[in-house]
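These features come from Swiss-Prot:
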ACT_SITE  Asp128  active site, proton acceptor
BINDING   Gly12, Arg73, Phe74, Gly103, Asp104, Gly105, Ser106  ATP binding site
BINDING   22-26, 55-60, Arg155, 186-188, Lys212, 214-216  ADP binding site
BINDING   Asp104  Mg(2+) binding site
BINDING   Thr126, Ile127, Asp128, Arg163, Met170, Gly171, Arg172, Glu223, Arg244, His250, Ile251, Gln252, Arg253  substrate binding site
Amino acid sequence: MIKKIGVLTSGGDAPGMNAAIRGVVRAALTEGLEVFGVYDGYLGLYEDRMVQLDRYSVSDMINRGGTFLGSARFPEFRDEHVREVAIENMKKRGLDALVVIGGDGSYMGAKRLTEMGFPCIGLPGTIDNDIKGTDYTIGFFTALGTVVEAIDRLRDTSSSHQRISIVEVMGRYCGDLTLAAAIAGGCEFIVVPEVEFSREDLVAEIKAGIAKGKKHAIVAITEHICDVDELAKYIEAETKRETRATVLGHIQRGGSPGPYDRILASRMGAYAIDLLLQGHGGRCVGIQNEKLVHHDIIDAIENMKRPFKGDWLDCAKKLY
């Protein structure tokens with residue numbers, strides 16, 4: 001019988017994490033459970049830094065970006081002894097389960113705790129939208145709005161100067177954020193990790209656009225594919241058009257979450273409590289076709305594949 005739970009945020013922050021914490025806390029309290037917030041993710045779990053939360057602890061949090069519990073990278077959590085200390089800390093406080101909000105690294109920590117006998121529920125919190133078993137992650141749509149706003153501003157100045165602009169978008173090894181932003185921002189060219197990249201082919205496409213009368217262009221590219229400053233120099237040398245690169249960086253993670261992320265986070269947080277009360281542990285929550293779903297967290301990490309939105313890319317190419 002679940003009586004006390006913990007909740008933490010881990011890895012890179014994402015808009016909507018506070019809304020998810022709020023959803024977990026208020027749904028749990030409504031069901032008569034006690035909730036402890038863990039500061040700074042798995043690091044705080046190991047260092048036994050927890051605080052009991054009530055309804056007022058999460059007041060005015062639904063609209064705040066970031067995570068008021070804090071987050072930290074803690075690679076030492078891979079060590080089984082470190083996890084044993086974390087589990088002992090939770091048991092000392094009488095915790096029966098843990099809700100983890102974060103990306104795939106956070107899920108891995110939850111998976112390892114589950115394998116050691118401590119039930120966890122994972123909620124997908126990352127702007128990268130790279131979590132298996134869900135159509136969208138908490139924070140993705142807010143970050144999308146931030147990126148599109150930046151692209152709109154870049155288009156203003158690119159048009160004025162007949163310039164080629166490269167905009168580097170977060171996403172790690174998933175191109176969803178780049179792809180969605182490129183469609184919404186009307187970018188002429190898209191470079192994502194799921195599709196083989198050739199700078200020569202990109203230049204050929206840019207030249208073809210110039211031949212058709214294009215005065216300016218925006219290239220959206222996912223981070224880690226190449227050095228965008230070097231790419232800008234190459235494009236400028238080959239096209240004889242002024243080319244500049246803009247790295248949006250961590251601004252994409254900040255800001256007040258948009259309505260969809262607030263709703264998604266709230267629904268997922270409450271659903272996590274439903275699952276725990278039904279006796280489910282070792283699960284991760286997702287949304288598919290606008291319905292909340294849950295999967296075995298071990299299976300999600302080890303066996304499930306995340307499909308690439310190839311139809312989105314096909315659409316974008318038709319609109320160049």
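Using the three backbone atoms N, Cα and C, a Cβ is placed for every residue, glycine included.
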From Val25, Ser59, Gly103, Met170, Arg172, the binding-site residues whose CA lies within 10 Å of that of the residue listed as 'active site, proton acceptor': Gly103, Met170, Arg172
Secondary structure of Arg22 (ADP binding site) (DSSP, helix/strand/coil): helix
Maximal Cα-Cα distance (Å) across residues annotated as binding substrate, namely Thr126, Ile127, Asp128, Arg163, Met170, Gly171, Arg172, Glu223, Arg244, His250, Ile251, Gln252, Arg253: 32
Under 8 Å by Cβ from Lys212 (ADP binding site), counting only residues of that chain that are 6 or more apart: none
Top Cα neighbour of Arg172 (substrate binding site) in the set of binding-site residues Val25, Ser59, Gly103, Gly186: Gly103
Any further residue of that chain within 8 Å (Cβ to the Cβ centroid of Gly12, Arg73, Phe74, Gly103, Asp104, Gly105, Ser106) of the recorded ATP site: Ser10, Gly11, Gly41, Gly102, Met108, Gly109
Least surrounded among the binding-site residues, given as Gly12, Gly103, Gly105, when other CB atoms within 10 Å are counted: Gly105
Largest CA-to-CA spread of ATP binders Gly12, Arg73, Phe74, Gly103, Asp104, Gly105, Ser106, angstrom: 14
Cα-Cα distance linking Ile251 (substrate binding site) and Arg73 (ATP binding site), given in Å to the nearest integer: 19
Neighbour-count leader, CB within 10 A, binding-site residues: Ser59, Ser106, Thr126: Thr126
Fewest other C-beta atoms within 10 angstroms, as judged across Arg22, Arg73, Arg172, His216, which are the binding-site residues: Arg73
Residue from Val25, Tyr56, Ser59, Met170 whose C-alpha is spatially nearest that of Phe74 (ATP binding site), among the binding-site residues: Met170
Nearest of the binding-site residues (Gly12, Gly103, Ser106, Ile251) to Gly186 (ADP binding site) - Cα to Cα: Ile251
